[in-house]
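Here's the structure, in structure tokens; my notes come after.
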Amino acid sequence: MKKGKLLNIALSIAFINILFVCFSIINVNAEEDTDTLNTSDGSTVMESGWTNKENQWYYYDHGEKKTGWLHTDYWYYLDQDGKMVTGLASVGNQQYYFNQSGAMQTGWIQADGTYYYANNSGYIQKGWLHKGPWYYLDQDGKMVTGLASVGNQQYYFDQSGAMKTGWIQADGTYYYANNSGYIQTGWLHKGSWYYLDQDGKMVTGLVSVGDEQCYFDQSGAMQTGWIQADGTYYYANNSGYIQTGWLHKGSWYYLDQDGKMATGLVSIGDEQCYFDQSGAMKTGWIQADGTYYYANNSGYIQTGWLHNGSWYYLDQDGKMVVGDYYINDQYYYFNSNGDLQLGWYYRDNQYYYLDSNAVLVKGWNKITNKWYYFNDQGIMQTGWQLINNQWFYLNASGDMQTGWLKSGNKWYYLNKSGVMVTGWAQIGWKWYYFNEDGAAVKDDVVIDGKTYTFRDDYSWISNCTRKEFVERAKRYLGCNEKDGSFKKIIDSYNKLDPLPRGYKVKYTDSWCMTFVSAMVRECNLLDIIPVECSCGKAVEKAQAMGIWQENDAYVPQIGDIIMYDWDDNGNGDNTGWPDHVGIVAEVNGNTFKVIEGNKNDAVEYRTMTVNGKFIRGYITPKFLS
């Protein structure tokens with residue numbers, strides 16, 4: 001018994017524990033779905049109706065928190081947490097609108113700065129809605145206003161949301177909607193023609209339509225004929241198309257690529273034309289912009305030379321030239337009427353000259369056998385002029401001077417080219433020296449460390465000795481035709497001014513007497529030794545000067561000049577025409593050495609015997625020493 005009682009007691013205790021656990025579970029679940037209120041006497045009752053907790057509304061029915069749809073006086077909706085829904089909310093597949101009190105709304109609803117429409121079931125409507133006028137509600141249910149795309153069409157809805165038809169003024173422009181409310185685009189005829197762009201806006205002003213341009217006034221009506229706008233003129237044909245290019249309406253007009261009527265000077269293709277303020281094209285002489293233009297009968301502005309009674313020149317812009325003008329590297333002068341001038345003209349105290357081609361000359365020009373110099377502006381120059389680093393003198397008439405010139409108290413010499421001479425110069429076979437400023441010197445003058453004496457007529461008194469004459473000739477020993485070094489001898493001779501008999505020696509000529517004469521020139525011995533390129537002519541001059549020695553037995557001195565005759569047989573004095581010549585360089589008793597030019601095509605020595613064969617005679621200069 002005792003053992004059985006203990007077992008019963010144990011089972012009873014276990015059952016009681018199970019009941020306690022179950023009661024605890026049931027009690028917890030009840031606390032989650034219900035709510036209670038404690039009364040003043042300490043008892044607890046179940047809560048019912050609307051309850052606000054932490055600024056959220058809940059609804060309890062005998063302590064049970066409600067969710068989902070709730071109908072009291074109105075329809076409400078409580079979310080899964082039991083919270084009362086307000087505003088726009090999706091429930092199932094529909095949208096609803098609940099006011100701030102949570103009541104579901106129907107009809108027009110103003111919220112969030114817009115309007116919605118809910119049917120009697122509270123469903124927020126979308127798409128087209130007919131309530132007297134037509135309205136359109138977008139995918140969110142919002143009432144559309146203004147310009148809106150619906151499907152493939154555009155519509156306009158006023159501020160009340162009502163769809164409009166006919167002319168609509170909005171957004172600073174006009175639209176047109178047909179009876180179905182479609183916003184029209186493209187051409188529209190309503191009394192006048194109008195054009196509505198791709199957005200439906202009524203266009204005004206100059207507008208491109210397809211490949212054409214049209215003009216619409218401020219009312220949008222398309223214009224034809226002459227149109228004044230934007231400070232210019234356009235012309236539209238009967239179809240309203242703005243014209244471009246040439247237009248003949250009594251006169252010729254030109255409308256540019258934008259249709260604007262041209263005025264003034266205008267480039268058209270490769271030509272220029274001039275149109276007056278009315279747009280009419282002009283021909284003939286045209287005065288404009290302070291100058292003159294000339295248009296031919298086709299209206300083309302002329303450029304270049306124009307002969308119309310006188311010669312005129314029109315520059316690259318067609319402007320008539322006046323005054324000095326540069327054409328193809330030449331200066332011309334046109335008077336104030338544009339007439340081309342020829343010959344001398346005097347302007348602003350200056351002289352100018354236009355040649356037979358009407359070119360305003362510059363630089364050196366020979367006019368009536370006189371040389372003149374004109375600067376880069378074409379002004380005739382006078383007085384001393386430095387031109388290309390050379391000095392020239394032009395008298396008061398502009399003539400270039402040559403020869404001797406006295407300026408101030410000094411004498412100058414201007415060569416045949418008019419160039420002022422400096423340094424040593426041979427003039428008429430006399431030598432002169434001109435200092436750096438071109439003035440001739442006289443008396444004793446030190447030049448390059450050596451003293452020279454000049455006469456009162458400024459010519460040099462040569463003090464060249466026999467020895468110096470020979471030493472000068474020795475400098476040229478070895479010069480030959482093979483390497484061309486002999487040419488400097490020919491060049492030296494050809495500096496004689498004037499040349500004997502006016503003949504300029506060629507490099508292909510025999511040059512033996514030329515060599516001797518070149519040495520005479522370089523030593524300034526022209527007063528005492530004749531110069532020639534012909535041996536025979538030199539003998540004749542020596543005879544005339546009284547310095548010819550015919551005697552073959554004569555014993556020469558250094559500096560004497562020996563003439564040869566290859567036909568001499570050695571018997572007596574030869575009187576034939578001389579063939580060759582040289583300068584006696586050394587005398588040793590009965591023999592002597594001669595320096596000869598053109599000996600074996602070179603400058604070489606020859607040894608001779610007194611009274612020997614081939615001697616024609618001697619020129620015996622009267623050296624000072």
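Yeah, the Cβs are placed from backbone N, Cα and C, and that goes for glycine too.
As recorded in TrEMBL:
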TRANSMEM  7-26  transmembrane segment
REPEAT    105-124  repeat 'Cell wall-binding'
REPEAT    164-183  repeat 'Cell wall-binding'
REPEAT    223-242  repeat 'Cell wall-binding'
REPEAT    297-320  repeat 'Cell wall-binding'
REPEAT    361-380  repeat 'Cell wall-binding'
REPEAT    381-400  repeat 'Cell wall-binding'
REPEAT    401-420  repeat 'Cell wall-binding'
REPEAT    421-440  repeat 'Cell wall-binding'
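Counting residue by residue with DSSP, the repeat 'Cell wall-binding' (421-440) contains 0 helix, 11 strand, 9 coil. Per-residue pLDDT, averaged across the repeat 'Cell wall-binding' (421-440), gives 93. Sequence-distant contacts of the repeat 'Cell wall-binding' (361-380) (same chain, at least 6 residues past either end, Cβ-Cβ under 8 Å): 324, 331, 333, 350-355, 387, 392, 394, 398-400, 418. For the repeat 'Cell wall-binding' (361-380), the number of residues in each DSSP class (helix H, G, I; strand E, B; coil) is 0 helix, 11 strand, 9 coil. Listed as Cβ neighbours of the repeat 'Cell wall-binding' (105-124) (distance under 8 Å, sequence separation of 6 or more from its ends, same chain) are residues 75, 87-88, 94-99, 131, 135, 137, 141-143, 161. Within the repeat 'Cell wall-binding' (401-420), the DSSP-based counts of helix, strand and coil residues read 0 helix, 11 strand, 9 coil.
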